[in-house]
């Protein structure tokens, strides 16, 4: 397919919200097309196709949400639903007539046959094969049914599925553009279903046919699809349709080393958006999850594409790490303008910040990951309802009320001038370092960590500082 345009694709099933695993597949395919655009006179194309043949589980709501997620992340498609393209429709549920033509071709050429085996019969056969130490595959029961036998089964009301007839003693070989040369023995595969008994197309069949008809040049997907590739190559070869190149990425594991799921770190993109993660942070994290970049700085989507290469995709599974996602979120926050930062957090804090917006942004921008963090700090610092954690209370108790009395006096004298207050306390109590700063921070913020006190003091102001010290005194038992 070298004479055709460079085209990657993402073909999700709209049966739920989009999570990290399928998002990374979409992102890598976008970057693959962008990389081609960056290094070739001919632009790469990213195609979106909706795999909604499972009518019982597919929902339009999820289709709309996954497209919204992709657009929010900047992963726009040049061909597909609500975009240009002449090879649609791009919903597989609308391509029934297309598939029927190719089913009939396979039947006419005796490369497929009707199978009347029930689910119970197939389950029993599978169990027997496993018990005998054999790989489970269809035994070919219906391969050689006579016309009379087929008519008898139809008369009983049995609804058949259509199976692809695997050629005997054939080896399927292809060059995986991520993992290298692969080969499979056709005899190990077994005749597989290409049309279900309910009339819907199987994933194996419709994806192979659509990739070819839509002139997809590169199919990059998870390695859980690796064993599908020889089957799809057999289908395309039988139909005399051109095949794309295939590349298979290692899967993402959770923090516990098991396949990524909701239990070990996976979150929906909708959830990440609602929490306040930036698209650029998600893109920078996921683009490095299993792919090596020389640049460790925050990159735009186009810059990520410039430096992306399938050759840099690792062979080992990548492990999801929330700390790394949060690292890129911090990088995105620091790269944002003060105006963008305020727009990001203002819905949660504007009512308590008042006219100190600039001071507030300067104080908390380097000290948060999500808007909820900023809200917690705003409540802690700018309201009369602070909560002291146990460690802060411990430091307050050790310091005793003498330090707080001196702190009140210093604030009365110096206002919110942090440096002047620290100097007075150090001289009056003959203490410095942690012995001074930990109880001071604990008294004012209720925490032993957080934004710089030199910024917090003017943000709070003299009156609020005095009130806070008075409340802190009440926290000391005895």
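From the backbone N, Cα and C atoms, a Cβ is placed for every residue, glycine too.
Remember, TrEMBL labels are computer predictions, not curated facts.
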The annotated motif ''KMSKS' region' range in TrEMBL, which must be one of 249-253, 254-258, 259-263, 264-268: 259-263
Listed in sequence order, residues not in 115, 117, 142, 144 with Cβ within 8 Å of the centre of the Zn(2+) site Cβ atoms: 113, 114, 116, 140, 141, 143, 145, 163
Between residue 262 (ATP binding site) and residue 144 (Zn(2+) binding site): CA-CA distance (Å): 46
Least surrounded among the binding-site residues, given as 115, 142, when other CB atoms within 10 Å are counted: 142
Residue 144 (Zn(2+) binding site), number of other Cβ atoms within 10 Å: 8
Cβ neighbours within the same chain of residue 262 (ATP binding site) - under 8 Å, at least six residues apart: none
Protein Cβ atoms within 10 Å of residue 117 (Zn(2+) binding site), excluding its own: 19
